[in-house]
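I have a structure I would like to understand better, so I am pasting it below and will then ask my questions one at a time.
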Amino acid sequence: MANAKPFCLLGFFCLLLQLFSIFHIGNGELEMNYYKESCPKAEEIIRQQVETLYYKHGNTAVSWLRNLFHDCVVKSCDASLLLETARGVESEQKSKRSFGMRNFKYVKIIKDALEKECPSTVSCADIVALSARDGIVMLKGPKIEMIKTGRRDSRGSYLGDVETLIPNHNDSLSSVISTFNSIGIDVEATVALLGAHSVGRVHCVNLVHRLYPTIDPTLDPSYALYLKKRCPSPTPDPNAVLYSRNDRETPMVVDNMYYKNIMAHKGLLVIDDELATDPRTAPFVAKMAADNNYFHEQFSRGVRLLSETNPLTGDQGEIRKDCRYVN
């Protein structure tokens, strides 16, 4: 009888550990090296595929970065963006906000390589996050450490929310700051993330209002003439691939040239001019224009914050076998 109480306490303690374990599994969190036991080569496979695809199709690296934003800003980093219209799901890719997005077909190449190594293990949501990280490196941007994994995939899409949650090309700076703030991203990181425009482009349909019938006075005059050559019609075909790059000097490099351009009034969008002049953001713009290392530091921080937006973890969602369809 003397030992009954200690054994009872020990049994109770073990029960608590079991309950904690169950709770932890059902309510997991993102962590570093999540696949170290279940699929040790996962991150290396993704990196290799991103590199291979980049050398065959250079613009895939830009697509991976854009995918991260479009996926994570809409509700969750859960690969809902990758779902095609099928089995009662309406694809987010149908939204006007997704105009110009491409290279979704190459996600399947990455997923197939992972499925061959570790079937039904690595989520499409983690592919979105890690391919963005590795794509940034291919674009000569920062090598971002501390990208956590363990996301799970949604079982549906949020097409009805895309128009509300993805900023429009002509949204105000205040609106964009509010959007990022709502997912836990501060102003400094927001300014840095907008630096992704360094490798972006804007279709003429979204910028001609700054050129016709009169030129926006905030635009550098010589730059405005260049844009009119790129976009010669005030009413461009909305489906035509007519565009201008944000950065003419280093269009495929994630660097601080974007900030130098907007300080010289050579930004494509209204928000570019606001970013360089608004007292909330102008100091960050000036500092990033002057210091590429500082820009890379803040850009890395912004990407980490963005990639951890409201993920599905534990027993939420699923691990899709094909990123285009729910299981």
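Using N, Cα and C of the backbone, Cβ positions are placed for all residues, glycine too.
According to Swiss-Prot, the protein carries these features:
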SIGNAL    1-28  signal peptide
DISULFID  Cys39-Cys118  disulfide bond
SITE      Arg66  site 'Transition state stabilizer'
ACT_SITE  His70  active site, proton acceptor
BINDING   Asp71, Val74, Asp78, Ser80  Ca(2+) 1 binding site
DISULFID  Cys72-Cys77  disulfide bond
DISULFID  Cys124-Cys323  disulfide bond
BINDING   Pro167  substrate binding site
CARBOHYD  Asn170  N-linked glycosylation site
BINDING   His197  heme b binding site
BINDING   Ser198, Asp247, Thr250, Asp255  Ca(2+) 2 binding site
DISULFID  Cys204-Cys231  disulfide bond
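Could you place the listed features in the three-dimensional structure?
Cys39 (disulfide bond) falls within neither a helix nor a strand when secondary structure is assigned with DSSP, and so counts as coil.
Neighbours of Arg66 (site 'Transition state stabilizer'), defined as other CB atoms within 10 A of its CB across all chains, total 21. According to DSSP, Arg66 (site 'Transition state stabilizer') sits within a helical segment.
Using a 10 Å radius centred on the Cβ of His70 (active site, proton acceptor) and all shown protein chains, the other Cβ atoms total 20.
Secondary structure at Asp78 (Ca(2+) 1 binding site), as computed by DSSP, is coil. In this view, Asp78 (Ca(2+) 1 binding site) is surrounded by 31 other Cβ atoms within 10 Å of its Cβ, with every protein chain counted.
With a 10 A radius on its CB, Cys77 (disulfide bond) counts 28 other CB atoms from all the protein chains.
Counting only residues at least six positions away in the same chain, the Cβ atoms of Ala79, Leu82, Val107, Lys111, Asp153, Arg320, Cys323 sit under 8 Å from the Cβ of Cys124 (disulfide bond).
In sequence order, Ser175, Val176, Thr179 make up the list of same-chain residues 6 or more apart from Pro167 (substrate binding site) whose Cβ falls under 8 Å from its Cβ.
With a cut-off of 8 Å between CB atoms and residues at least 6 apart in sequence, the same chain places Asn206, His209, Leu269, Val270, Ile271 near Asn170 (N-linked glycosylation site), listed in sequence order.
Cβ neighbour count for His197 (heme b binding site): 23 (other Cβ atoms within 10 Å of its Cβ, all protein chains included).
When Cβ atoms from all protein chains are considered, those within 10 Å of Asp247 (Ca(2+) 2 binding site) total 23, not counting its own. In the three-state DSSP assignment, the secondary structure recorded for Asp247 (Ca(2+) 2 binding site) is coil.
According to its DSSP assignment, Cys231 (disulfide bond) is coil. The Cβ of Cys231 (disulfide bond) lies under 8 Å from the Cβ of Cys204, Leu207, Val208, Leu211, Leu242, Ser244, each of these being in the same chain and 6 or more residues away along the sequence.
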Determine, to the nearest whole angstrom, how far the Cα atom of His197 (heme b binding site) is from the Cα atom of Cys72 (disulfide bond).
17
Measuring Cα to Cα, how far is Val74 (Ca(2+) 1 binding site) from Arg66 (site 'Transition state stabilizer') in Å?
13
Please tell me which one of the recorded positions listed here (Cys39, His70, Asp71, Cys77, Ser80) sits closest to Asp247 (Ca(2+) 2 binding site), measuring Cα to Cα?
His70
Between Arg66 (site 'Transition state stabilizer') and Asp78 (Ca(2+) 1 binding site), what is the CA-CA distance rounded to a whole number of Å?
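Taking the Cα atoms only, Arg66 (site 'Transition state stabilizer') lies 15 Å from Asp78 (Ca(2+) 1 binding site).
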Say you check the Cα of Ser198 (Ca(2+) 2 binding site) against those of the recorded positions Cys39, Asp71, Ser80; which is nearest?
Asp71
If you measure from the CA of Cys72 (disulfide bond) out to 10 Å, which recorded positions from the list Cys39, Cys118, Thr250, Asp255 are inside that radius?
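So the list reads none.
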